[in-house]
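Read through the structure below, which is laid out as structure tokens, and then see the notes.
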Amino acid sequence: MPVFIGLFISLDQPSLSIQKDVLTITANDTLNITCSGQRALYWSWPNNQSSAEKRISVTDCSDGPYCKILTLLRVIGNDTGDYRCLYRDNQAATTIYVYVQGKCLRSSHVALPLASQEKRGIEYLQTLLTLSFPIAVVGYRIYDLTMNPHYQVELAVGEKLVLNCTVRTELNVGIDFKWDYPSIKRATIRDLKTTAGEVKKFVSTLTIDSVNLSDKGRYTCAASSGRMNVKNSSYFIIHGMAPSTSVLLFVAAFGWITGVQETVSTLVIQAANVSALYRCMATNRAGSSERVISFHVTRGLEINLQPRGQLTEKDNMSLQCTADKFTFEKLSWYKLSAHVSQTPFGGLPMPVCKNLNALQKLNATVSNTNGENVTLELILRNISLQDGGDYVCIAQDKKAKTQHCLVKHLTVQEPMAPTLAGNLENQTTNIGETIEVSCTANGIPPPNIMWFKNNETLVEDSGIVLKDGNKTLTIRRVRKEDGGLYTCLACNVLGCTKAVAFFAVEGAEEKTNLELIILVGTAVIAMFFWLLLVIILRTVKRANGGDMKTGYLSIIMDPDEVPIDEHCERLPYDASKWEFPRDRLKLGKPLGRGAFGQVIEADAFGIDKTATCRTVAVKMLKEGATHSEHRALMSELKILIHIGHHLNVVNLLGACTKPGGPLMVIVEYCKFGNLSAYLRSKRSEFIPYKVQEERPQAVLCRAGRPVLQPPCTGPEDLCKNPLTMEDLICYSFQVARGMEFLASRKCIHRDLAARNILLSDNNVVKICDFGLARDIYKDPDYVRKGDARLPLKWMAPETIFDRVYTIQSDVWSFGVLLWEIFSLGASPYPGVKIDEEFCRRLKEGTRMRAPDYTTPEMYQTMLDCWHGDPKQRPTFSELVEHLGNLLQANVRQVHEMYSLTTKTTT
């Protein structure tokens, strides 16, 4: 069913209370301008330095959330200029030019010597000389300097960078521009000047035709008039293009950058069967918006009959009509009259649905309104033959107001006493042979069949099998004591009937020696194959137990607390809490395969106690698995139950352990795979610090410790966001939290490495144990040592030489994991051959150099984890505290960088 999603974003310019382009105001008056808009606003004005005089103020309006009032007291001539009201996160703005008019001044008095004569009139007594002098007043005042764009800008490699620096001054001012930016020699700079009235404008434009990663940083424009200097800056982030990247648009939107462009995206859901919430996001350089759409899948009408099966007189029955309560209303039960019913097994004609006069309405009660459905239940007690017929459930569509019908035909039969089809015959057989007899009974309701031997109930064991509803009795490898009188008893509500037969067993004395020979021969052959199996196992050197069973389980209980060989026996499994039906699990593609097991992606319906389908990971054995491998997977299941739930551990969701199918352990699914591969894929996108446009990442506290709150809101963000130093510290902190939890549960991991850390939604990492699903015989990280293959690069010296696994040996492995993280997924000990010489040098104190992307504090943490004395290594609780402090310090640094780049006068 196709779903079309459309979202339209519109953002008008702010409006001012004064509807004119130029406002003239007299000096010493008060200037008041109100600005209204649709989002957060701020004002800019000439001579921002004048705000120090505290004559200007910006206040919120009382009648709306997006409204600002600018008030300027006792205006002066220098307050003349553009007053702009604009949105914080885009370029939409409204400007008014304010001209401050000064009062008129009296002219100076000049005395002129004059003489008056009657005939000649008034005569000037001195010679009047006239000279013209051009007078030019050299100015210096700079009213303002603006950058366009003035906020943080993100560009992709190859795009064009254009940055305008505009200076407004008084007349007769000369301006010198000076630019400061990352790649000094790559840009083209063009200066121009214009004059408009009493204001002179200078513009300097910096252009980079094709940006690359080296152009990232702060761009500062400085202007000098000789006596006055001003400057401003903008910040640019450059993103590298990922190879073969596919882009998925989730929005139909209008975005105003240059002109108007509409982008339409259509989401098509094939064979929709699950209700869900879909989020549509629209983003451009002016901002972003989103809309959540509820997608509801209806299932029509359904009729269920209880009890299932054949109905007979005197039974009690219940008819349940279930409908989607968001689609249907006014459910009713009717019975179709005998003269109208023409289709005894369903297919009720639609005209009957509209002709209620042909139907007999029945009294029914609403039995369930929980969740998404409503159920109308019709209960009939002590039914008779006349209760048979067509029953119709009618519901009305809420929107179309049309009626929908569904028919259920019921057949009520008259009870009939049980009868046997044929009799049992006496049989004589020899010891070791097989006897199979059938007892078929008819009746209404169908009779129940029971077997008796010598008037005692027959109990199934290894040699006696009852099948087909107890109709067939099979006795394998007949023994002497199997002889006797056998009775087949068939009963229903009207009575019972039976058949008897005598089974005689002969030849006991003649077969004893042959049976003994067979048993002895079988034992000798079994012993031979057992010895052959031991030789083969020793030849391929696959250890079948002990501390070094890496191919089976990684996470084990602390041997000081619980012996390894008692894991399965002492740890409980509560089937009522963890058992999950196999028929509600749909297996998908394999996620990983090992020598003994595999991990498969699957869809589980209702595993989280809701009517939703959740993607999970299923651990299971390969075909032909041995009892030892089955026992190992069961032990892993019980250990996961013992560990319990934690955010940074791959948690158990359920299991399928009942007979009739393979053993399956259901755990959380982490869609982004293991941390090692993810870090390698993000090497080209690593930046030490990331300054965000809206706000920096926040740090929350859980259980008294800092926890990073990721900025991304969806899986697509995790793939497109660059990797930062804060992310690396956050991953390290989360793994330490998970290991701290495992240590509190008395568990040892034994194989802590980036390949065993999975990345989930919202930048959350989880510790896992691939166990049987990792093929250690093909994985190059596992090196042969003695009779086992071990991850030597990650193992502590005491584990390599003495096979001692402790929580402190996990701390050593955690140090190697830190090295992997801060090398962005590199293999530890690069260029070093892993052999006996490597082990010897490790024991003598040789350690790895600092990885390429680490900090001094983090490298010292690695060295602390690699201390030769296990008791001198930090505990995971101490590591959590230390990494939490580093994380807080890093976030504070990001906050300071953010403040410097987004400081704006409001």
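From the backbone N, Cα and C atoms, a Cβ is placed for every residue, glycine too.
Heads up, TrEMBL stuff is auto-annotated, nobody curated it.
These come from TrEMBL:
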type: BINDING; residues: Gly592, Arg593, Gly594, Ala595, Phe596, Gly597, Gln598, Val599, Lys619, Arg755; note: ATP binding site
type: BINDING; residues: Asn756, Asp769; note: Mg(2+) binding site
type: DOMAIN; residues: 134-231; note: domain 'Ig-like'
type: DOMAIN; residues: 290-411; note: domain 'Ig-like'
type: DOMAIN; residues: 418-515; note: domain 'Ig-like'
type: DOMAIN; residues: 585-898; note: domain 'Protein kinase'
type: TRANSMEM; residues: 235-257; note: transmembrane segment
type: TRANSMEM; residues: 483-504; note: transmembrane segment
type: TRANSMEM; residues: 516-540; note: transmembrane segment
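Feature map: TrEMBL annotations on the structure.
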residue : record              : CB count, 10 Å
Gly592  : ATP binding site    : 16
Gly594  : ATP binding site    : 22
Phe596  : ATP binding site    : 23
Gln598  : ATP binding site    : 17
Lys619  : ATP binding site    : 26
Asn756  : Mg(2+) binding site : 26
Asp769  : Mg(2+) binding site : 25
Outside the transmembrane segment (483-504), six or more residues from its ends: residues with CB under 8 Å to it: 312, 314, 415-420, 423-429, 435, 437, 439, 441, 443-455, 458, 473, 475
Segment confidence, the domain 'Ig-like' (290-411), expressed as mean pLDDT: 76
Collapsed DSSP category at Asn756 (Mg(2+) binding site): helix
Rounded to the nearest Å - Cα separation of Gly592 (ATP binding site) and Asp769 (Mg(2+) binding site): 12
Inter-residue Cα distance where the pair is Asp769 (Mg(2+) binding site) and Gln598 (ATP binding site), in Å: 12
Counts by DSSP class (helix H/G/I, strand E/B, coil) across the domain 'Ig-like' (418-515): 11 helix, 52 strand, 35 coil
Gly592 (ATP binding site) in three-state DSSP notation: strand
Residues of the domain 'Ig-like' (134-231) by DSSP state, where helix covers H, G and I: 3 helix, 55 strand, 40 coil
Rounded distance in angstrom between the Cα atoms of Asp769 (Mg(2+) binding site) and Lys619 (ATP binding site): 11
